[in-house]
Amino acid sequence: MAALLGRDLLSLADISSTELQELLQLATQLKSQQLKLQCNKVLGLLFSKASTRTRVSFTVAMYQLGGQVIDLNPNVTQVSRGEPLQDTARVLDRYLDILAIRTFAQQDLETFAHYAKIPVINALTDAEHPCQVLADLLTIQESFNTLAGLTLTYVGDGNNMANSLMLGCALVGMNVRIATPDGYEPDSQIVEQARAIANNKTEVLLTHDPELAAKGSTVLYTDVWASMGQETEADNRMPIFQPYQISEQLLSLAAPEAIVLHCLPAHRGEEITEAVIEGSQSRVWEQAENRLHAQKALLASILGAE
């Protein structure tokens, strides 16, 4: 996929609808082993936040492509002692072929990408989580054999997942509804970006009513109510977010064929009930597996694997 060769992925707004559709097609081909690609490259993982799925899926994807992975824990690099990001970036780009960064501030990611000559991938920031949404869209496509015209409802905190889901859904022609408590809405600039991409052809709706949002939806999606770095707010958030739990009652308002997604880790009994996450409409485990296939497609595209 030559269009993404050598490019960064800092946000889903960085790619076109066509490029996103081609990535999903490549992920499907790689997953089914219709296509096997190889690249003799080195991926660096610079993660300031805890990670299970992102770390393991990127590592396995790179190994399966024939490449190598170096885990650059900031605590054992000079970053932890205050080395400027621009200095670290200009050193690492002389050793590595590509870098995936998981950090708090989107601005830090953008600084790294500005100074590094190698491609940089957003492996999660407080603002966006584009790689997760690649896997989400792949899972939805597998479930319905299409994306255009479907409706995804996200309930909970207007966090990085809500931001990236708005962009991803707009790019593939899906309607997206975001239901949050008052004061916990997604980033207003990203809302406007998503609406510009949708161009009045699909819906980008913000509401405080989870039942209204869920009604007739084909996908219900949630995430933790307190993200990494917000642990001290968890107890205060609990009563505020309780009406936004994906329960059997909320799921009953969705379309009969609706599926349920969660980016994990899940706090069962909080944002999602045990019955729903373990129920027949849950696609959470397929979604987690698809992190591997979606990110393998992304790496192969950026690195020009053949």
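Quick reminder: no glycine exception, Cβ is built from N, Cα and C everywhere.
The Cβ of HIS129 (carbamoyl phosphate binding site) lies under 8 Å from the Cβ of ASN122, ASN160, MET161, SER164, CYS263, each of which sits 6+ residues away along the same chain. The carbamoyl phosphate binding site annotation in Swiss-Prot covers SER51, THR52, ARG53, THR54, GLN78, ARG102, HIS129, PRO130, CYS131, GLN132, CYS263, LEU264, ARG291, and the record cites sequence analysis as its basis.
If you look up Swiss-Prot, you'll see ASN160, ASP223, SER227, MET228 marked as L-ornithine binding site, on the strength of sequence analysis. When other Cβ atoms within 10 Å of the Cβ of SER227 (L-ornithine binding site) are tallied across all protein chains shown, the result is 19.
DSSP assigns ARG53 (carbamoyl phosphate binding site) to a helix. Counting every protein chain shown, the number of other Cβ atoms lying within 10 Å of the Cβ of CYS263 (carbamoyl phosphate binding site) is 25. Counting only residues at least six positions away in the same chain, the Cβ atoms of ARG102, ALA123, LEU124 sit under 8 Å from the Cβ of SER51 (carbamoyl phosphate binding site).
Max Cα-Cα distance over the annotated carbamoyl phosphate binders (SER51, THR52, ARG53, THR54, GLN78, ARG102, HIS129, PRO130, CYS131, GLN132, CYS263, LEU264, ARG291) is 31 Å. Sequence-distant contacts (6 or more apart, same chain, Cβ under 8 Å) of MET228 (L-ornithine binding site) comprise LYS49, ALA50.
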